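What TrEMBL says about this one:
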type: COMPBIAS; residues: 777-796; note: compositional bias 'Basic and acidic residues'
type: COMPBIAS; residues: 1093-1108; note: compositional bias 'Polar residues'
type: DOMAIN; residues: 149-217; note: domain 'K Homology'
type: DOMAIN; residues: 221-289; note: domain 'K Homology'
type: DOMAIN; residues: 294-360; note: domain 'K Homology'
type: DOMAIN; residues: 365-433; note: domain 'K Homology'
type: DOMAIN; residues: 437-506; note: domain 'K Homology'
type: DOMAIN; residues: 511-579; note: domain 'K Homology'
type: DOMAIN; residues: 583-652; note: domain 'K Homology'
type: DOMAIN; residues: 657-726; note: domain 'K Homology'
type: DOMAIN; residues: 740-823; note: domain 'K Homology'
type: DOMAIN; residues: 824-897; note: domain 'K Homology'
type: DOMAIN; residues: 909-981; note: domain 'K Homology'
type: DOMAIN; residues: 985-1054; note: domain 'K Homology'
type: REGION; residues: 775-796; note: region 'Disordered'
type: REGION; residues: 1074-1127; note: region 'Disordered'
Amino acid sequence: MSSVAVLTQESFAEHRSGLVPQQIKVATLTSEEESDPPTYKDAFPPLPEKAACLENAQEPAGAWSNKIRPIKASVITQVFHVPLEERKYKDMNQFGEGEQAKICLEIMQRTGAHLELSLAKDQGLSIMVSGKLDAVMKARKDIVARLQTQASATVAIPKEHHRFVIGKNGEKLQDLELKTATKIQIPRPDDASNQIRITGTKEGIEKARHEVLLISAEQDKRAVERLEVEKAFHPFIAGPYNRLVSEIMQETGTRINIPPPSVSRTEIVFTGEKEQLAQAVARVKKIYEEKANSFTVSAVSAPSWLHRFIIGKKGQNLAKITQQMPKVHIEFTEGEDRITLEGPTEDVSVAQEQIEAMVKDLINRMDYVEINIDHKFHRHLIGKSGANINRIKDQCKVSVRIPPDSEKSSLIRIEGDPQGVRQAKRELLELASRMENERTKDLIIEQRFHRTIIGQKGERIREIRDKFPEVIINFPDPAQKSDIVQLRGPKNEVEKCTKYMQKMVADLVENSYSISVPIFKQFHKNIIGKGGANIKKIREESNTKIDLPAENSNSETIVITGKRANCEAARSRILSIQKDLANIAEVEVSIPARLHNSLIGTKGRLIRSIMEECGGVHIHFPVEGSGSDTVVIRGPSSDVEKARKQLLHLAEEKQTKSFTVDIRAKPEYHKFLIGKGGGKIRKVRDSTGARIVFPAAEDREQDLITIIGKEDAVREAQRELEAGQPWLHLSFCSVSSQEAQVTMECTIPQKFHRSVMGPKGSKIQQITRDYNVQIKFPDREENPGGEGKEAEPGSPRRCDIILISGRKEKCEAAKEALEALVPVTIEVEVPFDLHRYIIGQKGSGIRKMMDEFEVNRALPPTLPAPRPSCLQSDIIAITGLAANLDRAKAGLLERVKELQAEQEDRALRSFKLSVTVDPKYHPKIIGRKGAVITQIRLEHDVNIQVPSSDRILSQPQDQITITGYEKNTEAARDAILKIVGELEQMVSEDVPLDHRVHARIIGARGKAIRKIMDEFKVDIRFPQSGAPDPNCVTVTGLPENVEEAIDHILNLEEEYLADVVDSEALQLYMKPPAHEESKAPSKGFVVRDAPWTASSSEKAPDMSSSEEFPSFGAQVAPKTLPWGPKR
């Protein structure tokens, strides 16, 4: 049977270990050997003679005779014998067939081993198994279990030894079962029995029983002892950097587990051989007795509020004492008026004297006071980012403790120098008094002025704030489009600031008057002047702002802004420049004001057509509502006269009888109607007397052509247009007669006009489109009371009358539509405490409901608490269209129900529970990146607040607050206490672990060490770089887990250390030392007494020559030399 030899890492190590030292030295020459090269025979020993090889075949001669260990084969063969009486299948007729053959085939397929069965003379069964070691062992176990009858036996060992039989993850038990080909059953931990049951062959049972008893006997030799030692003496037993306890462990071979400072246990655990353990216990007791005799505990009386001054900033005061007497332990107990000192008697007495002197000095020069200030003012006392309170602390050199908002406490404590305490108290009370007298006022300023008041980069508002430093001025967010500016501060200062800002706004309103002046484009450059001299002069003298259109703009309008009188003066000067430069005439025409709108036309189409037809003259109508009939025409004399005639003619037509028709034609066909140079359309106008208006570029309806004039003239123009271009398919859309046109009044209070118009006038535009009417709103009346005195009692105000023009039936329908848009108000009662939730953050909630139901809601004004109960109204007014009010009311009441349910749920969720947990356990409860505490929060749906380490010392650091439902908070508390209970049972143990294997145990990115920590439920800490003891590894966890984890990592150390040693030796063997590589270039391999140096006739062989170094089995051609063949 053939076997395959595989060179593994282990076989290579054995092979290398078989080399004699002389061979290794060949690869690692020292400097002396380099200077004295070896001889040729030493470097190249001759091969043994043939005869010698036959005679001494087992021991080759020469340097090659060094023994090299054989390489182990990876395939092994084992033979098992099953006696006849133990065979399961004894049918001789079916040997090699039946169930026995099927079982063998299954074993071969499952394990990969090769089986051969044969019958011995005694009818026993011989089985030969070949394959890899693991496969052979598994196959053997299956053969015994399935082809051999099974026996069973029990062995009794102490219950505490069972885990050593099982081993880590059951590996030892599996190995034992494979080795003995048995099945070993160990009782469960909750079973009181100590009997281990073994099933298998008699031989296997005996082997397994023997191995189990051996494991138990090894554990019997070990002992465990616990020694109670006061916590204060643990550091003395451990020694600096745990050196003393490590020394005892190394000398006695005993494992000593001292609880870490974070664990409040006094028990020291010893584990090891009984005799050695007794030695270790005796040494620890001796250290304890020596230290106990020279150790004392003392207390110093000191008020608890002075403790942090005794400790000093960052512990500076305390550090001076501890540096002088490092063996003294000083403990401050929160809430107690004493300080505890522990340590050697002499050092304690010295430290006590120093602390007592410090306490006496502090009592003499320190004082404290407590003042009551309503907690609602606390955040104002602190100021933005603590500005106010930090200023008081720095000025008065005191410490001020303001309770957090969650405590709802009004008590403020001031500590420090007596004079500073009095000064700080006075300042804080003054601030509080000022805040009690504080008031808030809303100032209405149009939003368009906000940016001007704030100024560029906030310069102007900064000046106002500097002028009134005690007043806080808040402007609304531009996105809210609110006109309310809020002022808050002392009453007198707020009033002064209000007057100042109102005056500023009045000046802005006065200076914001604006007029537009049409100036012919060709004269703009003359108005500007050379280098802007003319326009600059006009601006300075009239104190106005003058804006001219851009050069590439088609606009001719110049806008003047400033005070009214100044704007009129600037306008006159600009017009005079234009008049001087050109033959510009100005004519005033009197046309009744009621006809102005009809002359201007829709969006100015009619008047624009007259201006364009008359050479671009400017026609200026008076401001709407002024009552003036004067229309000003300005331009070249001839054009002005022409425009005047057309305007008067058109006005006469409008006054007598006017008829209008609209024609629709595609915009691309308009040029055919107009004709070249406007010839065709002018001919129609002259022959009929009707006016034909084409759409301008900015008009929305580009296909609409309007014919205006007397009815017969309009009809004639219509016929001529149709006759001239019949293929254009002109569409006559509407005809209206002046006689059918009426104007109706619709009275709607002015306060509702904005609501009726809708956003950007959308609602009015819709009505005008639907009913084909014109709607005119009156000018806004700034002071309704001024003209109200002149109006007759009961008559509507002029500012409330809306004019509707069009056909009578259409005007009536439009009037009904307008009246339907007037908002109606209803009141809904909602508890006052829910108003702020309905409003939402920055008004988002109320805005959403207003948008959804298309209504407006008015809530009672919110005043700063405390507010009079009479102002806390429960009424919410809803204003909107009647059709929307019912839906809005239902939606509001539904929202109230939701909020009340949320309020009840919030009350249940706000249950608070405090748990007292030692601060040293807080990091473990929080977990890595907050994983543990996050899991508890999510699992129990609670909020957990752990005190931060940077809080004031007087606050309880051991209180963890849990907020949520009562049942959930109790469950979360139990989960936290369970973690604390586990942490209290934990121990820490230092293990010496060779630093060379640390990286392999940790693994890539800590993957391996995390797996070990998760598996054994322990925490493993490796030393940092530069640590005094680089081999010291700390394992923390439950005692049994720590012990198992230490066993595991020590096994890993042993395994990895062997690889490290082998690797280092291999590198030494394979690669020369680094310092040799940096030497001068190598001379090559040099030997002494070589054949070519024996006589001068011979020379060194040529390595490139195939004749000197022929290849095996190849024909070699003789070397040809230039001077002939070699003799």
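Cβ atoms are placed via backbone N, Cα and C, with glycine included.
TrEMBL: automatically predicted annotations, no manual curation.
Just going by CB pairs under 8 A, the stretch in 437-506, 511-579, 985-1054 that sits most against the domain 'K Homology' (221-289) is 985-1054.
Note on the domain 'K Homology' (365-433): DSSP counts are 41 helix, 16 strand, 12 coil. Each residue of the domain 'K Homology' (657-726) gets a DSSP state, and the totals for helix, strand and coil are 36 helix, 15 strand, 19 coil. For the domain 'K Homology' (437-506), the number of residues in each DSSP class (helix H, G, I; strand E, B; coil) is 39 helix, 17 strand, 14 coil. For the domain 'K Homology' (221-289), the number of residues in each DSSP class (helix H, G, I; strand E, B; coil) is 37 helix, 17 strand, 15 coil.
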